[in-house]
């Protein structure tokens, strides 16, 4: 789901993230926290653990700054 205005995408967090049972799929995404996650589900798990509003900055690995 794309946010209007800032271009950041909200991760789609389903049951698997709630159960902490993410698939072993390597489709990296870059979170707004600056971390690269192996897939969207793992970003969701981190989002739930930290209770932060982590969104998807871009598909693929985060760029080194």
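Cβ from N, Cα, C; glycine included.
Not measured: the values here are computed from a predicted model.
So that you can see what the record holds, here are the features copied from Swiss-Prot:
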{"type": "DOMAIN", "residues": "7-64", "note": "domain 'Kazal-like'"}
{"type": "DISULFID", "residues": "13-44", "note": "disulfide bond"}
{"type": "DISULFID", "residues": "22-41", "note": "disulfide bond"}
{"type": "DISULFID", "residues": "30-62", "note": "disulfide bond"}
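All features noted in Swiss-Prot, drawn onto the structure.
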residue: 13; record: disulfide bond; DSSP (3 states): coil
residue: 22; record: disulfide bond; DSSP (3 states): coil
residue: 30; record: disulfide bond; DSSP (3 states): strand
residue: 41; record: disulfide bond; DSSP (3 states): helix
residue: 62; record: disulfide bond; DSSP (3 states): coil
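The disulfide-bonded residues 13, 44 differ in how many other CB atoms lie within 10 Å of their CB, and the one with the most is 44. Ranking the disulfide-bonded residues 22, 30, 62 by Cα distance from residue 44 (disulfide bond) puts 22 first. Cβ neighbours of residue 62 (disulfide bond) (same chain, under 8 Å, six or more residues apart in sequence): 30, 31, 34, 35, 36.
Taking all protein chains in view, 19 other C-beta atoms sit within 10 angstroms of the C-beta of residue 30 (disulfide bond). For the pair residue 13 (disulfide bond) and residue 41 (disulfide bond), the Cα-Cα distance reads 6 Å. A C-beta separation below 8 Å, combined with a sequence spacing of at least six in one chain, links residue 41 (disulfide bond) to 13, 14, 16, 17, 22, 23.
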